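Participant: First, the structure itself, so that you have it in front of you.
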Amino acid sequence: MRVFIGIEFSEKIKEYLHEIQCLITNYSERGNFTRKENFHLTLRFIGEVDTNQIQILKRVIDKTSLEQNCFQLVFKNLGYFPRGNRMIIWMGLKESETLKKLYYNLELGLEEEGYPKEDRSFTPHITLGREVIIKEDFNKLAEKIKTDNINIFADKISLMESARVNNRLTYKPIYVSEFRQCII
């Protein structure tokens with residue numbers, strides 16, 4: 001089973017991301033765009049695991065959630081990771097000390113259980129499309145597509161399974177742990 005740990009979004013947030021994504025597709029020659037129901041914020045990709053590892057991951061997630069209050073995230077801007085002549089286009093988030101702390105505590109818990117430390121720096125983003133080829137300069141595209149400072153309510157983290165269902169990539173929560181306290 002292939003898994004990752006992430007923050008799921010409400011339908012309202014997914015709909016907003018889908019609207020932005022549709023604007024991007026209008027300026028794209030091609031791309032593999034994330035299905036609306038799959039929008040999420042990855043905290044940590046884990047990879048292939050067995051049943052025993054699932055139990056360990058649940059414990060780490062619960063421990064992390066117990067140390068975390070609910071918080072708000074805010075969309076910031078469109079960005080991309082270059083991949084040759086293609087790109088991964090994403091929605092970025094405003095810097096959040098609370099999100100950094102959550103990520104740090106999760107990483108610490110995973111390390112204590114023997115998982116190797118993530119070798120990349122944490123760049124919180126929501127992937128909108130992969131293998132995207134756009135028709136113009138990305139900066140011009142980003143100027144045309146204005147993003148709103150929409151608040152995202154984060155109240156839990158989820159262990160998500162990544163699987164192909166009917167030849168479509170699907171992300172399904174297999175375990176959810178709510179944060180300790182929600183006063184926002």
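Positions of Cβ are set from backbone N, Cα and C atoms, glycine also.
Residues or ranges marked as active site, proton donor by TrEMBL: His40. Per TrEMBL, active site, proton acceptor is recorded for His125. Positions annotated as motif 'HXTX 1' by TrEMBL: 40-43. Taken from TrEMBL, the feature motif 'HXTX 2' covers 125-128.
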Participant: Please list residues from the chain of His125 (active site, proton acceptor) whose Cβ is under 8 angstroms from its Cβ, counting only those at least six apart in sequence.
Facilitator: Leu41, Gly79, Trp90, Met91, Gly92, Leu93
Participant: Can you count helix, strand and coil residues in the motif 'HXTX 2' (125-128) using DSSP?
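Facilitator: Reading the DSSP string over the motif 'HXTX 2' (125-128) gives 0 helix, 4 strand, 0 coil.
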Participant: What same-chain residues, at least 6 away in sequence, bring their CB to under 8 Å of the CB of His40 (active site, proton donor)?
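Facilitator: Once residues fewer than 6 apart are set aside, His40 (active site, proton donor) is near Gly6, Ile7, Glu8, Phe9, Ile126, Ser158, Met160, Tyr171.
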Participant: Which whole-number mean pLDDT does the model give the motif 'HXTX 2' (125-128)?
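Facilitator: Result for the motif 'HXTX 2' (125-128): average pLDDT 97.
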Participant: Which state, by DSSP, holds the residue listed as 'active site, proton donor': helix, strand or coil?
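Facilitator: The three-state answer is strand.
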